[in-house]
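Participant: The following block contains the structure, expressed as structure tokens.
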Amino acid sequence: MLSLLRPLLAVYLYLLLPGAQGRFPGYSNGFHYQDISNGNGNGNGEIYFNGIRLHVESPQSSVSATRGSSVTLPCHYHYEPELTTPRRTRVKWSWLPANTVTAPASPEALARETEVMVAMGNRHRSYGSFRGRVRLRRSAPGDMSLVINELQLNDTGRYRCEVIDGLEDESVTVELELRGVVFPYYSQKGRYHFNFFGAQQACQDQDATLATFEQLFAAWEEGLDWCNAGWLADGTVQYPITAPRDGCGGVNLAPGLRSYGQRHRLLHSYDAFCFSASVKGTVYFLMHPTRLNFTEAVQACASDGSQIAKVGQLYAAWRLTGLDRCDAGWLDDGSVRYPITKARANCGPPEPGVRSFGFPPLYLKFGVYCYRLMF
């Protein structure tokens with residue numbers, strides 16, 4: 001046995017000799033490495049490429065799209081100087097959701113990125129809710145841009161394109177935003193009845209999601225002013241004020257987002273700020289010969305080949321398609337509202353917006369807004 005080990009032991013001792021690595025024939029992957037033992041490292045025990053560097057870039061740091069559409073997140077890589085022969089690289093796209101917090105968790109857990117797609121050569125695999133909806137564009141050498149089809153409300157967030165080639169590992173991030181509208185939402189029971197998970201569900205029931213801080217901030221910049229605090233997707237509670245006043249932080253506090261910070265997601269109750277993007281159908285006011293109670297309104301939409309519209313759908317139609325109707329109508333949650341894009345007499349306040357009658361008794365008579373899905 002010892003005689004069998006002697007050749008291996010001799011090779012091992014040979015490799016330990018100064019400069020032996022340079023004289024020993026080994027595997028070559030096309031790159032030239034500096035020899036740390038000869039002082040060509042960076043002092044931290046790291047090996048780097050000799051004159052060849054991998055670059056991963058994106059011409060856009062953020063991309064905006066509409067719900068239900070397709071979007072391309074740009075990512076390109078190249079070498080400096082250019083290589084004479086192509087190399088096999090591994091590409092990984094990962095995702096940090098902007099508005100998905102499903103349970104109390106540590107900041108480290110919330111910051112964990114999840115895999116979207118991994119590709120090497122012509123082989124690729126997609127994961128989770130992205131399975132079957134994503135592909136690499138590959139329009140030119142080095143193009144690893146991610147194409148996402150059938151965009152969903154929860155697809156927003158930060159995407160990372162990572163290119164791996166041996167010891168080289170470079171990445172770039174692209175933010176994906178959906179064009180949409182933020183709206184405050186409260187329970188039929190009144191003000192401050194949602195814990196965090198109730199707020200999540202309430203928004204989902206109205207074809208929306210909990211808004212992110214960035215979405216609420218953008219809405220505030222566009223003029224949203226609401227003096228009731230609501231949950232956001234990150235578990236904080238905030239509210240936007242454009243006109244400082246007593247009861248809303250005070251007259252001496254500058255306009256902005258008022259924040260209660262992180263609150264207990266089970267024990268504390270507030271309203272919600274929801275975010276809705278474009279819908280794949282049409283929201284319309286049903287022309288009916290008579291006014292309807294809530295039950296009759298639901299049936300009238302069904303008889304017209306539609307369904308009663310949700311609050312998020314009405315807001316999206318108002319903001320994104322310009323729906324303007326000075327007629328109050330029932331919605332799916334039992335509320336009565338109407339959308340105004342051109343303010344005028346007898347149609348509410350002098351600013352555009354969705355007017356609300358709250359949650360009147362279900363036997364009262366109003367019109368109805370219906371939603372018809374387009375295929």
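FYI, residue positions are counted from 1 along the chain as it appears here.
Backbone N, Cα and C atoms are what each Cβ position is placed from, and that goes for glycine too.
Keep in mind that TrEMBL annotations are predicted by a computer and have not been checked by a curator.
So TrEMBL has the following annotated:
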type	residues	note
DISULFID	CYS227-CYS248	disulfide bond
DISULFID	CYS301-CYS370	disulfide bond
DISULFID	CYS326-CYS347	disulfide bond
DOMAIN	52-173	domain 'Ig-like'
DOMAIN	181-276	domain 'Link'
DOMAIN	281-372	domain 'Link'
SIGNAL	1-22	signal peptide
Participant: Which residue counts does DSSP yield for the domain 'Link' (181-276) in the helix, strand and coil classes, in that order?
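Facilitator: The counts are 19 helix, 32 strand, 45 coil.
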Participant: Compute the average pLDDT of the predicted model within the domain 'Ig-like' (52-173).
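Facilitator: 86, rounded to a whole number.
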Participant: I'm trying to understand the geometry here, so how far is the Cα atom of CYS347 (disulfide bond) from the Cα atom of CYS248 (disulfide bond), in Å to the nearest whole number?
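Facilitator: Cα to Cα, CYS347 (disulfide bond) and CYS248 (disulfide bond) are separated by 26 Å.
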Participant: For CYS326 (disulfide bond), which residues in the same chain are close in space, meaning a Cβ under 8 Å from its Cβ, but six or more apart along the sequence?
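Facilitator: Those within reach of CYS326 (disulfide bond), by Cβ under 8 Å and sequence separation of 6 or more, are TYR338, ILE340, ARG344, ASN346, CYS347.
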Participant: If you count other C-beta atoms within 10 angstroms, which of the disulfide-bonded residues CYS227, CYS301, CYS347, CYS370 is the most crowded?
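Facilitator: Answer by Cβ density within 10 Å: CYS370.
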Participant: Specify the count of other C-beta atoms within 10 Å of the C-beta of CYS248 (disulfide bond).
Facilitator: 18
Participant: Round to a whole number and give the Cα-to-Cα distance in Å for the pair CYS370 (disulfide bond) and CYS227 (disulfide bond).
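Facilitator: Cα-Cα, rounded: 30 Å.
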Participant: What whole-number Å value do you get for the CA-CA distance of CYS301 (disulfide bond) and CYS227 (disulfide bond)?
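Facilitator: For CYS301 (disulfide bond) versus CYS227 (disulfide bond), the Cα atoms are 34 Å apart.
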